[in-house]
């Protein structure tokens, strides 16, 4: 139903419907997803004229009916239709197949019959279905409808499908065979359009004579709906998705962040002054399509370019289209486009252009970040690394900006050191920082306050709250001790051929109890994961070292020398309060597992014993 709402929100744009074509990429090849699309296009014949007549700002039906709008008999009727559609889709989803009672036309039966016993998400032929054709289909007000095409590319267990970037390249080729529109909007299925004027805002830049010859894309910020009041997991990602994009906009432009982005099709085929033609002219950015989208030649060619072996011996993914070679295809594609000389623009209107879902479980947040970090390392150590190739192609500022993202996991080194070393020294009565009376003490204080003060000011000026900033700092530490470390470890093992990684879709599914805890601001540790072990170890060592240091100070032992270490341990203890709560105080399903708690305690004791042996002589 998220997919349905997103599709309907872009179909209902304030833009000539005959010039809109919506392509849904179903990489899982699900009969249920196709059924949901069929239901969406039926409802669209009522929804589109309703939005146009009432000039609604919320074009996603889910968002519209959840808001406080003035109700009328027409609104009530539309809502009933939507709820009935929602019931049908969710019933089919629960059953896992489309039963005869939900098939109303022979055409639907023919389309759905393609799902045979041998049809699996990993092994199936290409399925391309034109569910709406603007030239033929009309809404209830007798206005033309947008084109709507369902695409599930061919899959084979013996072929490399290149994850999301492979699916996007199939969409580039299929759309080229049917319409070959010069402007492409890439949007995730769970991120609906929140502003019907968005295409016009993007076209202001893409059609501007001053920019269009070098403009590859217009990027809108990624914003989220449903984040709890204090954003305990820092899912807003205010810096990478909002603040930093504004800074990059002052250089060559923002990086591509994977959704909410309007592309110039021409940008996928070479640089601004040199074109890299595809292997067949029908896929070129300037090709004019003469055939109708449901004609046999068009459909045959569309199925051909959606084949799993079509890209063999071509330049797709290396020089043409979305780039292969990284789990974060968006970041790598934007980087390569800008290295070729293309520019980009950040468009951030007051009303968010797109709103999406964010994960509400800590393990999902960390897994998502781990995938991003591994993808960044893949870019950082490839032959097009930003630190050399990027600086040479784009200049030092843009090159270093991309390098910053590529080497995020390096932060796990200082974060881990500061989470454990001063505290272990404190447990052994060893002072490793300057004393209060020494000049170097004030340098540490200045650096600490200066860094946090600058970060706080930047965050709050851009609309953040104090509590959200505090949670953002806490999550930065949590990521440094968990997903940053494990991502670097997994990437290193992969380089030695020991481990493999793949593209994992971040779960946005909502469990009622989990959702209740999330909106109460309670951390979720219910899933057993090795990423929680270093977090619990750090929490235990910091708590014990703080109280041991406090006892030492009360006994009059070296207060000056231990002050900074006491402060660090106390700072960590305050940040780790949700971890202590999950370890010993909670009894719900979101508490930390007994296995993780015991493992962390044993490892913390082992680490303390090792540190005591190493530091005994010094102390």
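Using the three backbone atoms N, Cα and C, a Cβ is placed for every residue, glycine included.
Checked against TrEMBL, the range among 353-371, 372-390 recorded as transmembrane segment is 372-390. Between residue 27 (active site) and residue 330 (active site), the C-alpha separation comes to 17 Å. The transmembrane segment (372-390) shares more Cβ pairs under 8 Å with 402-421 than with any other stretch in the list 402-421, 441-461, 531-554, 561-580, 592-615. Cβ neighbour count within 10 Å across all protein chains ranks 330 highest among the recorded positions 27, 188, 330. Remote same-chain partners of the transmembrane segment (402-421), defined as residues 6 or more beyond its termini with a Cβ less than 8 Å from a stretch Cβ, comprise 240, 255, 331, 335, 372-373, 376-377, 379-380, 385-387, 390, 394, 432, 476-477, 480-481, 484-485, 487-488, 491, 534, 537-538, 541-542, 568, 572, 607. Distance noted between the C-alpha atoms of residue 164 (Mn(2+) binding site) and residue 330 (active site) is 9 Å. Rounded to a whole value, the Cα-Cα separation of residue 330 (active site) and residue 188 (Mn(2+) binding site) is 12 Å.
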